[in-house]
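The following features are taken from Swiss-Prot:
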COMPBIAS  11-27  compositional bias 'Low complexity'
LIPID     182  S-palmitoyl cysteine
LIPID     183  S-palmitoyl cysteine
LIPID     186  S-palmitoyl cysteine
LIPID     187  S-palmitoyl cysteine
MOTIF     11-20  motif 'SH3-binding 1'
MOTIF     82-89  motif 'SH3-binding 2'
TOPO_DOM  1-286  topological domain 'Cytoplasmic'
TOPO_DOM  304-307  topological domain 'Extracellular'
């Protein structure tokens, strides 16, 4: 087993991740989805991770060449980044999501944008998605035009592209424009998760409640699978905030999404946030991806622009 990297931060309640061969899945939980069988086996020879990047594209230092329509003002620096080793192909798993089969914890770190800190000019968000050992699993890059970002701010519609170690887009998250006021339950928030891009595998929809933030995780047929329930006050000072992942009857807790406290200075002057996700190891891979989408929706709904 590879030791954690020096400086790797694990939030409270998150145990170190063990090799898949040494871990058995947790007991069954109420409301757990089952595996589907409509995906083909990815081709063998899936390329392994790279220790660093030497190929750059215009405006995207550190990435292999890609044709993604990402805004040119973004700069992503990932030189000398340690990536999670590429797992073997898995039956009935969307290409690029094999990593999630070996993971029961994810850490999401939003990059601090100096331009945004100094000028208040809203830029496209960029996130690092790591496992509990600090190894990079994915990178998430927002793709939104300047006018939309600065006019709609946290309520803006966006496309979030999830890239692997080769710079290939393995997931796409689409959030439509909807009124974010809690007084209008007819305009509840939602996000669509696609893997591969263009193929919906699930949705996250807001469930109206007068006091609590609630989300419903759905499969590709829009059938309800899991619930996410947050605290009455989603913004607290000097402490982590837990959004519990529960069964549909909200009785059994199977995981959580944690907004981690980043310190007074970072919280006060930036909207750069850190999150942790914990879910069962044997949860269906596509529902793990939908849970990741729920984390990003929570960030934009409750914490984006809260500095």
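For all residues, glycine too, the Cβ spot is worked out from N, Cα and C.
Keep in mind the model is a prediction, meaning the values are calculated, not measured.
Mean pLDDT, taken over the topological domain 'Cytoplasmic' (1-286), works out to 76 on the 0 to 100 scale. Under DSSP, residue 187 (S-palmitoyl cysteine) is assigned to coil, being neither helix nor strand in the three-state scheme. Broken down by DSSP into helix, strand and coil, the motif 'SH3-binding 2' (82-89) contains 0 helix, 1 strand, 7 coil. Residue density at residue 187 (S-palmitoyl cysteine): 13 other Cβ atoms are found within 10 A of its Cβ, drawing on all protein chains shown.
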